[in-house]
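Colleague: Got a structure here, written out as structure tokens. Questions coming.
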Amino acid sequence: MSKVIKKGYIYTMYGCISKYGEKIEIPKNCIAVPGFIDIHTHGGFNKDAMDGDVDGLKCIAKESLKSGTTSFYPTTLTESEENIEKSLKTIDYYMKNFNDYGAEILGVHLEGPFLNKSFKGAHDEHLIVNPNIEDFKKFEEACKNIKIVTYAIENDIDFLFTKYLKSKNIVSSIGHSDSNFEKISEALKIRDFNITHFYNGCSSHSHRNPGVVTAGLYFDNIMIEMICDGIHVNKDVVKTTLKLKGSDKIILITDSMRARGLKDGIYKLGELDVIKKGNEARLKSGNLAGSTISMNDAFKNIINYTNCSLEDAVAMTSTNASIKLGINNRKGTLDLGKEADICILDENLDVIRTYKKGKVVFYK
């Protein structure tokens, strides 16, 4: 259950929610919700997961606590094989040695290089390749914690890559894809799927040539990521999507890049210059290049755009991610026995306190 606790106390013991123990008081006019889980973020605060830098990951992890994210999946970009492997090795090392420092890294989201050049977005088309097990095994050698892979399903010959990911219990996420409805329908006979940043970087809904968006709306065994910033997806489309798909099939993400938390200016995404202006991050061509929002922003926006319940917002920012990634036995709700990753939100739904495993890690 995606619980919201509106008054009283939460008790914790040994880092988990308990019937008694250390007491976390919920202030007047505030609510407690599970810590946010961001399954798709490239970084922020002038740091990027592709930097291959432990101090950069520390910065992202610590700063993320201020907006209620207690767990996240650093997300890669299409760069050289050498750069991707360096990033993966750094994340793997960080998880073994520094994961108590800030928001917890739960694994890697590999976005690229297995994409479709027609929907490259901010990825380098010269480095894009078809999904293949040989290259992926090199990435696995660099990091044993790859948990999600975004790829163009239409380029997966005989679904060999999909079958391999399933055998490794790694989430398959369709993204940067020009797939048609029929191909996805066939793939779903093998396993369930995610769709990466739904509506963005994929074939659209067409009454004559249905694509990724059509499949995402139609199939119940597809869970969709969505960037809820009012820029990547129109507010009325967000509202319509929630009505059609339901709050149990949507995972809100940031897809944030290094300009998050910084003033307007020009920043790097891989080798590309990205112009941040207000809440928008765009390439010089005008194409969107990630977002600058936090998970707290996503939580507030989905409520403002759709008038959904607090419980539905919790599902889309915590619970669904925990279910999809197989960690709902310890995260994603405020049930007894779960890790005490908790956000306290004020009457404006802004984060005023963050707890990680029962310990206060941010206080405003």
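Note: Cβ is positioned from N, Cα and C throughout, glycine not excepted.
These numbers come from a predicted model, not from an experiment.
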Colleague: Among His126, His197, which is the one TrEMBL gives for the Zn(2+) site where Glu111, His176 also bind?
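Modeller: So the Zn(2+) site in TrEMBL includes Glu111, His176 plus, from the candidates His126, His197, His197.
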Colleague: If I take the alpha carbons of Leu288 (substrate binding site) and Asp255 (active site, proton donor/acceptor), what is the distance between them in whole Å?
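Modeller: Just about 11 Å between their Cα atoms.
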Colleague: With the Zn(2+) site defined by Glu111, His176, His197, which remaining residues of that chain have Cβ atoms positioned within 8 Å of the Cβ centroid?
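Modeller: Once Glu111, His176, His197 are set aside, the remaining close residues are His40, Gly112, Leu115, Gly121, His123, Thr150, Ser173, Gly175, Thr196, Asn200, Gly201, Asp255.
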Colleague: How far is it from Glu111 (Zn(2+) binding site) to Asp255 (active site, proton donor/acceptor), counting Cα to Cα, in Å?
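Modeller: Roughly 11 Å, rounded to the nearest whole number.
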Colleague: Within 10 Å of Asp255 (active site, proton donor/acceptor) (Cα to Cα), which of the binding-site residues Ala122, Asn200, Gly201, Ala289 do you find?
Modeller: Ala289
Colleague: In which DSSP state, out of helix, strand and coil, do we find Leu288 (substrate binding site)?
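Modeller: Strand, per DSSP.
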Colleague: Would you count the other CB atoms within 10 A of the CB of His176 (Zn(2+) binding site), including those on all shown protein chains?
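Modeller: Total other Cβ atoms inside 10 Å, all chains included: 28.
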Colleague: For the binding-site residues listed here, Gly201, Gly290, which shows the highest count of neighbouring CB atoms within 10 A?
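Modeller: Neighbour-count leader: Gly290.
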